[in-house]
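Asks: Checked TrEMBL, it gives:
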DOMAIN    165-279  domain 'Acyl-CoA oxidase/dehydrogenase middle'
BINDING   Thr169, Gly208  FAD binding site
DOMAIN    316-472  domain 'Acyl-CoA oxidase C-alpha1'
ACT_SITE  Glu457  active site, proton acceptor
DOMAIN    518-674  domain 'Acyl-CoA oxidase C-terminal'
Amino acid sequence: MQSSDRRVETLARHIVVVPDTSEGVERVDCAAQSHRSLPRFDSVVLEHFLDDQRSLKLEVYELFRQHPELLPAVYEGMPKEEHRELVRKQLRVVLAAGYSPMKFFAKDYKKYFYLGELLALVDLSLTVKMGVQYSLWGGSICNLGTERHRKQYFDDIDKFRLPGCFAMTELRHGSNVAALETEAVLDLATDEWIITTPDDGAIKWWIGNAAEDGRACTVFARLKVPVPERDGMLADHGVHALVAPLRDSKGEILSGVEIRDCGYKAGLQGVDNGSIRFAGLRVPRDNLLDRFASVDRSGNYTSPYSPGKRFGMTLGELTGGRVGLTSSSIGILKGALTIALRYSAQRQQFGPPEAPEISVLDYQSQRQKLLPLLATCYGLHFARGVLVAKYEEAKATKDDEIVADVHAMSAGLKAYTTSYTANALSVCRESCGGHGYAAVNRFGCWRSDHDIFQTFEGDNTVLLQQVSAMLLKRYKDQFSGAPLQASYTYLRQWASDALPPNPLVSHDTTTRHLRDSSFLIRSLRYRTARLLHTAAARLRKHSRKMGAFHAWNRCLPHLLLLARSHVESLILDANLKAVSACPDPECRKSLKALADLFALQRIHDDILFAHADYVAPDKAKAIQRLIEQLCSELRGVALPLVDAFAIPDHILRAPIGLSASQQHGQQYNEYLAAVGWELGA
């Protein structure tokens, strides 16, 4: 369908729905005071602003329109073997259409991460399997190996001729990578590494692609080489990455390797997770991925970096996985909000006496559940764009400071986004009542599949601590005169921002002031700077008494708040810059309202602002009233705001949230048909 036709159809649909619901709002006694709605806008115009790779979306989703057999209505109850085969077929269809995820990941990062967002709504198992194959297995070859490794493996990984794994996590160790116990001992006589699992706690666990498909893996093991003239003594050089074969060309498991299927999980049944034990597997010395360290024929270990620096650089090269998870999580959040808001707009319950029932979205409670989620979703969308651009810059420049900035930003956004989406999925399900519990409406499988996003590629609590550690380092840097990256420049403002607030400002309740972008961004930055200053002071105090480790543990809740606060500052900054860049005035007004709602909700909910006298009680009440007003104004444009995500019905697949269900009198047609009722019978 041409863009002009879509525009007419979209606008016509909104015109049908809104008069009925807005009329109800004016009559209902329990609703908030009615506020003027934001101006209507063309959702297609906003879609083009949000999505500068729209052509890829149209192509990929059209590909799956041509393969409806790959888009089941329900995943619950599907045997894991059947789901795994489905995911293989989905991936092969993508590859057969000419898409090259491996080449995207190596050269066009933006396209790779966007493809992950698109495919998340097809099947999260597909996105995760693609991430294992290309971002983890392929990415480790490209980023930790040298040109020799890339030439040897790249094409086979790209075409899925060499399915592979990323064997890092062990039964006993996950987040603490430095403590992994799998060993790779150099045999000088044969010029081979002998890879061994020393005990059951070191069995590789939850390894994607391992149970059925994986023919090789990048295994993380302690690199041990003989010490010259010290018979039998081995030098432990810490954890390194090596390529290890797992199966032959016929799929038979090799001697020296044992693999077990991890079985059914809480979700992602389409990913074949397995556990691996190595029993003296021998691989050539050249299988060491030696970009950061090498071992020669005589067993001499060399690295231009200190052990800590080398280890940090090794893990730093794996941040692409976190960027990918952030993108996929945002895709799921967009899908969930599209369903919940469309359903809430057409679902009618109760009403004033002798009057029609009203839309549930016209109740304050429903608006204040869903519209702040939508505001955050938009903020995360724009922040992810900043992260991807900075990731591209880090890859292009290899500048240490930019790389460190990307590491902290990707850790923070991955942790914040995946935790937020996990909670939002439950809120969206609840907002759709009993019908949200139907498997066909997708909240159930999304909650189960997405839940692990909070754990893999870095546990969220651990990642947030990495953000806080980076902030504390930057805080220390400012006193030494070191330059600050753009993401941290506001920390220089601490001295002035920490002064007692101006009473005139802390009591200013005018809407103009509360919606002033400078007030909003300054407020969130003030919170981060204050938390940082007090965290540094507490750590210094407790470190003198109990040592650094126990001091950190003592301050851990404080440090997690600090990290989340910093991430929210970054989200708002990206959001407000996007508002300024939007060329369409009607779209820009709605985007500004979303950004304001995001920031005001954080200011209202954080007791720090009240304790610091930054927001006086009368101002807090004014903020609450303004939040209610913004939710009321955004209600009128909620549907075009989710329509701008442009998720086709055949991809969304939730009968209660399809665009077709928004037509007058057709709210339940798709839902009835999905469970076998003949319409009009």
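Cβ coordinates are placed from backbone N, Cα and C, and glycine is handled just like the others.
Burial and contacts for the listed features, if you can.
Replies: Within the model, the domain 'Acyl-CoA oxidase/dehydrogenase middle' (165-279) carries an average pLDDT of 96.
Same-chain residues at least 6 positions away in sequence with a Cβ under 8 Å from that of Gly208 (FAD binding site) are, in sequence order, Val128, Lys129, Val132, Leu136, Cys165, Phe166, Val271, Asp272, Asn273.
Glu457 (active site, proton acceptor) counts 26 other C-beta atoms within 10 Å of its own C-beta, drawing on all protein chains shown.
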Asks: At the level of the C-alpha atoms, what whole-angstrom distance separates Thr169 (FAD binding site) and Glu457 (active site, proton acceptor)?
Replies: 10
Asks: With helix taken as DSSP H, G or I, strand as E or B and everything else coil, how many residues of the domain 'Acyl-CoA oxidase/dehydrogenase middle' (165-279) land in each class?
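Replies: The breakdown for the domain 'Acyl-CoA oxidase/dehydrogenase middle' (165-279) reads 6 helix, 54 strand, 55 coil.
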Asks: Is it possible to get the count of other C-beta atoms within 10 angstroms of the C-beta of Thr169 (FAD binding site)?
Replies: 19
